[in-house]
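If you look up TrEMBL, you'll see 153-191 marked as domain 'F-box'. Per TrEMBL, region 'Disordered' is recorded for 73-92. According to TrEMBL, the feature repeat 'WD' maps to 260-299, 300-339, 340-379, 383-422, 423-462, 463-495, 512-542.
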Amino acid sequence: MEPEMEDNTLELMSSVPRSLWLGCSSVAESLCALRCLQSIPSTRAHNQNTSVMESQNHVDDLSPKKTTVLTKLSNGPVMTGSRKRPSEGNCDKEKEKEQCIALFDQWSETDQVEFVEHLISHMCHYQHGHINSYLKPMLQRDFITALPAQGLDHIAESILSFLDAQSLCSAELVCKEWQRVISEGMLWKKLIERMVRTDPLWKGLSERHQWEKYLFKNRTTEVPPNSYYHSLYPKIIQDIETIEANWRCGRHNLQRIQCRSENSKGVYCLQYDDDKIISGLRDNSIKIWDKQSLECLKILTGHTGSVLCLQYDERVIVTGSSDSTVRVWDVTSGEVLNTLIHHNEAVLHLRFCNGLMVTCSKDRSIAVWDMASPTDISLRRVLVGHRAAVNVVDFDDKYIVSASGDRTIKVWSTSTCEFVRTLNGHKRGIACLQYRDRLVVSGSSDNTIRLWDIECGACLRVLEGHEELVRCIRFDNKRIVSGAYDGKIKVWDLQAALDPRAPASTLCLRTLVEHSGRVFRLQFDEFQIISSSHDDTILIWDFLNVSTNGQSEGRSPSRTYTYISR
């Protein structure tokens, strides 16, 4: 295009309505339209006005209601123009809008939707964006405010009851109506109740700090207002953080039971609850201790050998001894209800649950028993396969797991008592284990602790740190606690141990040293460890009630009660 032609084209483009040349379907059509416009003489304005009037007269003859002029350039688009003044056009537009709306209102909802969909389909993306911005706030609903207005307060409360603490705090700040629903619905109380039902740590705190009495009561009974529970929640969180810090730092309050007698040389086993501690001693006796006063409440005698293992529930105590027998005692009266004579050598460990009991012995065998009642216990099956003493057993509905001095862990089917697989890895005999879900944790005389996946038999992690045989081990969802012949109790981070990326140096959280002899048995919960030792003591390591006035980290003064047999 020549310079003069280009200048004329630009001038012409600026004088022509933008809708005309943008409406062309191609560049060729645009240029063609512009050439046609250029060929119009300088008097085109006059002629255009004349043609407009003529066209108007022609159109008026065809349709008196229309006042539109059509101008067609080459094969390009059609351009429409109005002869009326802008103010008159705006008035007509408003009237047309009102007529359209009136007509639209007469249609059914389905027809209206179809029409709007058709209308939107003719719009461009830019227009769609404007419509979307307009519709968004219209589609939003404050249902928490709207539901109570319809008499559906309980639905609004139910929806908000699924919020966690942080979200519940934010919801209270939305508006007064939301705050009212949360307050009248006692949602902070419901949140705390939900935590107590699902988390053992919360449940334990509720019992120990005695705010459990304000929970799980309906509105008809006298309960504190919602504000009480709102202020209670952060106090509970603070207590939990303090307990976790005490575990990590080893801060504890220590209580000591001295259970020496003339013939006793160790406490081999124990179990406890909130009220009592039941221990099995090397002097052939079973001693029951008051957990609060630490006084000996009762002594059970009958075994002719050391009491090596025990377990109790709300009805019975079952004990195994080096005299090769298993005895069943009434937990309340202490009366012997049954004596099982089957194993040829010492009964080293036992477990019972839901009508099933499993015992293991130095005679290398495992016995599976059906417990219909304390007096009706029958032998179901004997499992043979270990090549040395079977030191420990554990089981659930799926598997029985046993560990032996032959360095192996064997897995058996609980329902059929058939052998399933062997877990190999320890370099020396295995003294202890615990099994839950898919995880098995074992301790050995090779001084190590191993974590296993029971389904595939893989060793997940090896924990090193004890200097002698690992004699006892327990774990929960957070930590592993182990005791060894080196007299030490170690606390390990279970979640870190299950993470293959975690460095070995970060796994042991704390080492507790108070026993002066071998650690034989321990049990723990969220608040405490209770352990027994060859030094004839039972230690209670309390991580909840820790005195902070001038106590060095990791140690606290002990409270001692000494029992002297008569």
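A Cβ is built for glycine as well, from the same backbone N, Cα and C atoms used for every other residue.
Keep in mind the model is a prediction, meaning the values are calculated, not measured.
Counting only same-chain residues 6+ beyond the ends of the repeat 'WD' (423-462), those with a CB under 8 A from a CB of the stretch are 388, 391-392, 394-396, 399, 401, 403-411, 468-475, 480, 482, 484, 492, 497-498, 500, 507. Counting same-chain residues at least six beyond the ends of the domain 'F-box' (153-191), those with a Cβ under 8 angstroms from any Cβ of the stretch are 142-145, 147, 214-215, 219, 223, 225-227, 229-230, 232-233, 237.
On the 0 to 100 pLDDT scale, the repeat 'WD' (383-422) averages 97 in this prediction. Summarised by DSSP class, the composition of the repeat 'WD' (260-299) is 0 helix, 21 strand, 19 coil.
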